Amino acid sequence: MNASSFANNTPLCYSINSPPFRPIPNASAYFSSIFSALGLTSNLIAFVVLLKSFRRTHNRSRSFFMIFLGGLVVTDFMGLLVTGSIVVSYHVTHFNWRNLDPNCHLCNFMGMSMVFYGLCPLMLGAAMAIERFIGINHPFAHSSSMPKSRTVFMVLMVWLIAGCIALLPLTGIGSYHMQIPGSWCFFNISSKGNDFAFSLIFSLLGLMSIAVSFLLNTVSIVTLIKVCCGQGKNQRRRDHEIEMMVQLILIMVIASNCWCPLLVFIAQTVLSGSPLQIKYLLLWLRFATFNQILDPWVYILCRRAMLKRVAPRLDWSRSSIMSLTPSFGDTVRRFTRSSLRSTMNQETAGDRRKSNLPPPSP
């Protein structure tokens, strides 16, 4: 009787894993503190770099792209600030969640933050791929019908969709629970009931965003290669698009390597019905959080101003990145012309020798 009444009075977030937990080694506190400080510093530097570049740029499509980059930097910075502050505070003070948060408000807030700041980078990457696909394949329609306010609206829509998904467990679709070792909250990864539905929504939406980014970026790269292997004028017009595509490809590669293990692990766990492996969940979660540290260095390092400092001997003053080396098409044309010229010379010499020969005897 007492046990059943205690179970009925236990809040939902503590029904699976209930504090107090065993003390965590100091290494976890050091790791969380260094990880959060490095990520916050990197995103802050990236935001300053983007702000300066946005003020200097006069290219319309690049300004659209930089608005998306700014939204991604702000999302990564706030995600580290919100979740990192809770985790580091727990490691430092070892507070009891049941005493501090008896009604699960803080646990639900952290769970929503984990879902929101986890889905936003993936969905923003897909939105950036869509924007670049339209800008490269339909440049006239993109530049004439897409104002900057619409780009800001797309970023806000991504945040709104991710926020609505993060709120689903509060409506009964899924649930947020305390996770081992007691420093964080996340949705319950289970193959039962509404937890199964929310786990699939989270994993499939993330994997779908990565797939859309991969597909559209591949088409955009093929289009750029065709253009860059053409005339020199087209190369000069497309140099800024090449620079943006390099940054976008690196963002996609980082997001895929960091998030795919966790997303596949969640989908595999709920579809197979096997029990949750905590050690693998913690491992893949740390892989995913590296995305927030690696992303800002793409904007910091992959810029022409930084490349000038890295390789100052190269002629970075040219108006085209692709003009630094001859294009594949020009090389093929020069090779074909030289081959035809040598063949024609040989035929001409052969005709001359034939004309100097005496006529055959009857």
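The backbone N, Cα and C atoms fix where each Cβ goes, glycine too.
Within its own chain, the transmembrane segment (29-51) is flanked in space by residues 66, 69-70, 73-74, 76-77, 80-81, 84-85, 87-88, 91-92, 183, 289, 292-293, 295-297, 299-300, 303, which lie at least six positions past its ends and keep a Cβ under 8 Å from the stretch. Taken from TrEMBL, the feature transmembrane segment applies to 29-51 (among others).
Per TrEMBL, the feature domain 'G-protein coupled receptors family 1 profile' maps to 42-299.
What TrEMBL records for 63-89 (among others) is transmembrane segment.
Counting same-chain residues at least six beyond the ends of the transmembrane segment (109-130), those with a Cβ under 8 angstroms from any Cβ of the stretch are 13, 65, 68-69, 71-72, 75-76, 78-79, 82-83, 86, 154-155, 158-159, 161-163, 165-167, 169-170, 176-177, 184-187, 202, 205-206, 208-210, 212-213, 216-217, 220, 248, 251-252, 255, 259, 288, 291-292, 295. The transmembrane segment annotation in TrEMBL covers 109-130 (among others).
The annotation transmembrane segment is assigned in TrEMBL to 151-176 (among others).
Annotation source TrEMBL lists transmembrane segment at 196-225 (among others). A Cβ distance under 8 Å defines the sequence-distant neighbours of the transmembrane segment (196-225), meaning residues of its chain 6+ beyond its ends; these are 115, 118-119, 122-123, 125-126, 128-130, 132-133, 136-137, 165, 168-169, 173-175, 187-190, 238, 241-242, 245, 248-249, 252, 255-256, 259-260, 263-264, 266-267, 269-271.
Residues or ranges marked as transmembrane segment in TrEMBL: 246-271 (among others).
As annotated by TrEMBL, transmembrane segment applies to 283-302 (among others).
The feature region 'Disordered' is assigned by TrEMBL to 341-362.
Here the transmembrane segment (283-302) lies next to the transmembrane segment (63-89) in space: the count of CB pairs under 8 Å, restricted to residues six or more apart, reaches at least 3. Away from its own ends, the transmembrane segment (246-271) comes close to residues 65, 69, 72, 118, 121-122, 125, 128-129, 132, 189-191, 195-196, 199-200, 202-204, 206-207, 210, 213-214, 217, 221, 277, 280-281, 284-285, 287-291, 294-295, 298-299, 302 of its chain (Cβ-Cβ under 8 Å, at least six residues beyond either end).
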